[in-house]
Amino acid sequence: MAKEKFDRSKEHANIGTIGHVDHGKTTLTAAIATVLAKNGDSVAQSYDMIDNAPEEKERGITINTSHIEYQTDKRHYAHVDCPGHADYVKNMITGAAQMDGGILVVSAADGPMPQTREHILLSRNVGVPALVVFLNKVDMVDDEELLELVEMEVRDLLSEYDFPGDDVPVIAGSALKALEGDAQYEEKILELMEAVDTYIPTPERDSDKPFMMPVEDVFSITGRGTVATGRVERGQIKVGEEVEIIGLHDTSKTTVTGVEMFRKLLDYAEAGDNIGALLRGVAREDVQRGQVLAAPGSITPHTEFKAEVYVLSKDEGGRHTPFFSNYRPQFYFRTTDVTGVVHLPEGTEMVMPGDNVEMTVELIAPIAIEDGTRFSIREGGRTVGSGVVTEIIK
């Protein structure tokens, strides 16, 4: 069978289902695919196909996730669903499945539960831009007032974590009934997708963002100058443009006088390209692995930040023992390790392998970071944790 051509004319977005265990995330995922399949926009997926999520390795961490795709009239979606709570935590922190938006599933019969709260907090911390709510299992609730109460609770909870609780679309339905083909509830799934289409903002493509390239290697070409190589993480770079060299030392400016890829000279390079950038007036020792080349003013070096961190369990090859405040591991940002000191939040004595925690980190050298920058925590070259920057302190 010939592979279908990927349709680029539609906007693409990555979304996922989040919420408390057994509130119906996987059933909803199956229902969306199945209902949209009737419109010819998707391939029907059974609950079991989605629930038996394959294991994936991301930064050495084992995560179970199911990826399915479907389309609405407006967009093409890649949808991620995780079977277990721990998988969600790992997924969101490592960014294994980047989410441009989320569907928060809350059982109308139970209302918000501990993981509902935790998933909202995680979404806020790792920078999921928008959430839409699906109140599930409404067929099990006879009392209209109870439904309104649950909706109010969910809205308050979202507001508590800085999502616009009053404006978030809330759609009430039954994923199971929709999956069974009940027309009234199928309509609710279409209503939900309409809300996702309109309320979740179109993600900015990597190539439209300001230029940044982590430096992987540096060498000098006699008579031409210094070349920094790496993969362009975002944006574009044209020959003749100015860039800043950021991190580890004081920031300096230079001009890119040549861009090379696979030994061919290019006029410009964009996100995803592996390139060599020829830098004007830069000595070989002025640029090193671990720094980034970036559009002037787009990103700044910092030494202190808050982060949401997942600590690998012993089974994942992580630590066998807990750690405490003043723990000093290596923080691996993009292409290099930098030593840092961990400060745990008040009331947290220690962190056990398998936990997730919000911590403050102080690095011994400045690194180009911003909200949403991902990193690994390492000890002697092995990964013991994974994190994402949630707030810059200095």
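Each residue, glycine too, has its Cβ placed from N, Cα and C.
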Message: Of the ranges 3-10, 19-26, 51-58, 251-258, which one does Swiss-Prot flag as region 'G1'?
response: 19-26
Field: region 'G4' range according to Swiss-Prot, out of 136-139, 240-243, 296-299, 372-375
entry: 136-139
- request: Select from 60-64, 160-164, 235-239 the stretch of residues annotated by Swiss-Prot as region 'G2'.
  value: 60-64
Query: When you put Thr26 (Mg(2+) binding site) at the centre and draw a 10 Å sphere around its Cα, which of the binding-site residues Cys82, His85, Val138 have their Cα inside it?
result: Cys82
Message: So, three-state DSSP: helix, strand or coil for Lys25 (GTP binding site)?
response: helix
- prompt: If you average pLDDT over the region 'G4' (136-139), what do you get?
  reply: 97
